[in-house]
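**Student:** Here you go, one structure.
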């Protein structure tokens, strides 16, 4: 193929027209070898003189890109054209390109396409190579080209035997001299010359099967096989769909413009606008317009002959471009083109062949669906063979046409060279004409000059002539000589004039003749110029059109390149995702295809096995019947055995009853075990269901376990503390018991002392002298009693103080209880918040899926647990309150008893002092316990901190539920703070953890039911919120009260400070005398006062801050509620906005995906298919090799089938052996019966063993019962311990009742303390004021001290003066020291008073510290709330950012949509521009479908061979079975025959002994017996004939042709059906013309009339055309072997 052919676009006309005018006489169009008319209709010429394509469709391989790899290897040698042929009109432009020849010849150039070098990466530009191993040159270009796909090498040859100068189709790839450039594949280049390499003389030479050269005319065939599967009438097609019209001229594509009834013929018709002007009308028939189109583009066809084009069908993305889609298209095209081959092959047999009898339909019972499928497959195989022949004929015709095209191109080149010569001649003629014209002008100018001279001379002559007579008259005598001279001169002049005139006339005549000749020449040249100009104009127009088309093509290419670049830019962005999707889909497609292939293979194998098994079943049924009888016998035996077993079962049932009696004791335990087992089974089922959930939950459970372990540690610590407290309580109780015992002993002693007193009284009466002593002793006793009463009063005061302390403790506990209640309320509020958030989470969980539901379920479970824990804490608090009340009551009762006993005796005072010390110890122990509790609370807080860390880490992993988990953490913190007094064991936690996994499954179900309950609970929670607000107000009121109490305390402090200040003023007067010692004490007091003032100020600040924080908390709670409402609203709005945006995004993504899919499809079709089909060709070659291998394997299988016949015979022997084996099996069955009897015995033994095992199990159960009893005993012990603990609890409750009494007293004392606190607060305020005054006084004192220091200096100066006065001073100093000692004693007393004040201050400090703790907790809560606010603000900021991002994304999406719309518009323009290219791509698809069809043919042939093998095997089996049956029948008949012969002989022998009367009867018996014998002989003869026929069938099957690939391979099996006849659907006539050739359709040719039936009857015979030329070397029709060129072209 020449490189001037443009293969890229496929726009160059493959059928150029010859030039109409030929100036050379020899170069006429008649000499051009045209195609011999066989079945090709005459093409209709267009306006430009270009022949239109024939109605017969070119083979689908013309436009294929599959042959691109063999581009440039045609079979013919044609001259290289310098310029391309003129293009066709846009309306009639064909889609075939100039690479058709290479695509057709690719099937015949296997020698030229041999791979010489596999490593193509070694070649470099400038490297010296040998083309084909023979022609040397240098590489000048390596890369992709526009004329063909793939990588090509441009080589500059050493010799001018190339094809071009580096330019192909107007595109320059490199530059070299003409005829030295050539393009070749890299695989055809070598780096060294090949020794035996020669150019093949006939590159297309290859072996091909012989076939007939007679060709029959084509015709339209009306057959059901032409109907494609896609046709469904109006349901399958719609107006505007792209369709294919199948007819005798091939399949023609077009667009469906009309579908419905017409007036020119009944029925539904399809009006199609064809792509090429090969139709009949312009949409109008009989002056009725059905649709509009160009003339010769419209045609009306029945619906049966129209099928949807594959391009119009909406195929799935995963199937487009796949092999299945290509094969389906190929089968559609192949079915559409089978009718012509059948007509062509069977037209010659129409006369000679007798009509085949129609095949009678057999019943459905005789033939299965497999037989029908086999018949259909055979029919399809015939159609495929005919199609192959038709395709080969079409390819040969195309080769001939291509050869004609090449010759026309050579003719065009010659005509172009002639044009150049003519142009040169015209230029020379124009030069000569210009010269002639110039010479003529000069001659005309000279002739005019001469004429003027002649005219002047004539005028002079006339003047002379007129003057001569006067001269003669005047001077005749004087001038005779002059006259003669003048006359001579005149004569001479006249002669000269005549000569000149003659010369001028001759010249004028010559000039006139020359002018006429030149005019004639000019006319002739003008005519030639006009003709040449017309020719040049036509050629220039054609060249302009061609150049414009080339320019347009180049522009289109440029635009294509630009669009490709844009598409590549867009595609590269989407290609990654698309390739990924394609990869996934391709994997799925491959998987599905593999599954389909496996299913097909399995179905085929199952069908073959089913056929074999049906045959085997027929054989085995007889054996089964025999075995059924044996089984019946065995069943009878088994029945007997079963009866025996039933007897044994009765025995075993008796044993079972015994076992049941034994098991009744264990049934309850077994029921419990069964319940537990059922629960375990259910849990296992739930675990099986939640395995996937557990994988995720295991991590969470592990975290929870860690938390649980930490909680265990904390709880163990708390339990240890509680145990210690309990131990301390028990020790206290023991001490109280001891004290009670001591009191009882004391009472006993009192009673004894009273007895002694009575005795003493008796003695006093006897002894009067002892009265005085007794009076004195009584006085002493009275004094002691007074002292004891004083001590008793002191004790009562101490008791009151203790009561006050108890009241303070009770108040503290009440405060703690209130705090716990507030915390519980807060926890409930937090629970409400969590529930609200849970509802939000549920809404989110509907979107988030299982994880959200799991988290919600977890949180719900945790909340339920926390609720239960909170309820437990409340119950425990209530129990503690009741215990405290009971203990207070007990204390009150004890106090009453103590008071009564204190009145009776004074000895109790000492014990009371001891009790005071013990109470102090208990208080110390309690304080230590409080310290321990505080340390443990700190440990709990540390554990909570660790829990917070863990929860934070968990929150990082769970970003979606971070807020909830933080809140849950807060709740857990508060609840862990509340759980300081709880009693919880590790077993409960483990049970909770075990329940947790169960509740996770049930939580999902409960969520739906609880969602309704939550809505009701929300209303309750709102009420509870109102109650909480009231509680907050109450707490505020309590805070105001506390403030008032603080003020009172301050006042009391101020009063005490006033007193102190007064004392200080007194001390100052005394301290003026003292210099140094008093100042230190004052400084200490001042520092203490400053510390107390600072602490008071700090406490006031804390109180104010607490108030502010409470107010801020209120505002924060309200703000958080509002923010939560706003956030929920914004979340709802955002969710709706997000849903809308997601919907829009999904729509835009869908649009983008569609656009990207279209762009990808276009780009991939333009880019990938060109390369992909090349690879497919390689794969086809590989597959062909594989198929050849398979054919060889199938031949071997056929040989194996022949061997299988021998194996069948051997199997017959083996079947006999099987019979013996069956007999042996019968014996084995009998043996097995014996074995079963033995088994029955073994079963009996096993039953016995099982009974022993059951007994062993019973023993085990007894042991387990013992263990259970031990456990029950342990449980009883635990119950006893619990009872004891309950008793202890009761005791504690009683003590609590006593304590409650004490609490009441303490509460009363607490009221007094509150009053005192109010007073103290007032004192504190007064003290603050006094402190300010004291500070001013201290400043003054400091000033006085300075003055005193100055005085001391002065006194030191005056020491020398005062030495004399030192003695007096020493005396004064001694006096002062005495006074100082007194002052020290007073100071000690004051210090004691100060210590008491410090104790009170310490108590107030403890109260303040508790308040500080509560304030700290409030601060922590505030900080947490602030953190929540921050998180909410961050979330709101994040949401705002997300909104802004979404807005930006929306704007970007809108911009991208606008860009995409612009791109879509450009794409539409691009689609309009690519319409013709898509046609070429469609032809490429058709070619690929052809290749796939070839593969299908090979697969079908393989399947045919396999079916043939199966048929042969089936036939062999059936023949073998029939022979078996026949042999059996023959044996039975022979037995009957022998029996009848014996009976006849016996009758003959008996006839001889009978009398003559019975001769007639005997003759009748003989006749009947002879008739029977004849009948039996006839039956035997029929059976033998059938046997012979079956043997003949077997022999024919054995002698089948081994090569089923030949076209006549199946002629031995079935006869060819007669070819279908021509039929016109409009005229409703046979054998006249096709529907598409009906003259009624033609809108222009209305002169046609419907042919009559007589003409049909008379003109049934059709003449055959003359045989076509055929090339043996090329194996192609269209040229003879002698005309074939031998050189190889590229």
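Glycine residues also receive a Cβ, built from the backbone N, Cα and C atoms like all the rest.
These came from Swiss-Prot, pasted as-is:
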COILED    378-468  coiled coil
COILED    484-660  coiled coil
COILED    667-916  coiled coil
COILED    926-981  coiled coil
COILED    1001-1121  coiled coil
COILED    1158-1549  coiled coil
COILED    1565-1600  coiled coil
COMPBIAS  1-11  compositional bias 'Polar residues'
COMPBIAS  39-51  compositional bias 'Polar residues'
COMPBIAS  214-226  compositional bias 'Polar residues'
COMPBIAS  865-885  compositional bias 'Polar residues'
COMPBIAS  1040-1052  compositional bias 'Basic and acidic residues'
COMPBIAS  1410-1419  compositional bias 'Basic and acidic residues'
DOMAIN    260-302  domain 'CAP-Gly 2'
MOD_RES   64  phosphoserine
MOD_RES   67  phosphoserine
MOD_RES   216  phosphoserine
MOD_RES   309  phosphoserine
MOD_RES   322  phosphoserine
MOD_RES   325  phosphoserine
MOD_RES   327  phosphothreonine
MOD_RES   328  phosphoserine
MOD_RES   362  phosphothreonine
MOD_RES   1681  phosphothreonine
MOD_RES   1682  phosphoserine
REGION    1-105  region 'Disordered'
REGION    195-227  region 'Disordered'
REGION    843-905  region 'Disordered'
REGION    1031-1052  region 'Disordered'
REGION    1400-1419  region 'Disordered'
REGION    1635-1665  region 'Disordered'
**Student:** Is it possible to get the count of other C-beta atoms within 10 angstroms of the C-beta of residue 1681 (phosphothreonine)?
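**Tutor:** The answer is 12 other Cβ atoms.
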**Student:** Round to the nearest Å and give the CA-to-CA distance linking residue 1681 (phosphothreonine) with residue 309 (phosphoserine).
**Tutor:** 40
**Student:** Can you check which residue among the modified residues 309, 1682 has the largest number of Cβ atoms within 10 Å of its own?
**Tutor:** 309
**Student:** Fill in the CA-CA distance, residue 309 (phosphoserine) to residue 1682 (phosphoserine), as an integer in Å.
**Tutor:** 43
**Student:** Mind checking how the domain 'CAP-Gly 2' (260-302) divides into helix, strand and coil residues in DSSP?
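**Tutor:** Residue counts for the domain 'CAP-Gly 2' (260-302) by secondary structure: 0 helix, 19 strand, 24 coil.
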**Student:** Please give the average pLDDT for the coiled coil (484-660) in this predicted model.
**Tutor:** 74
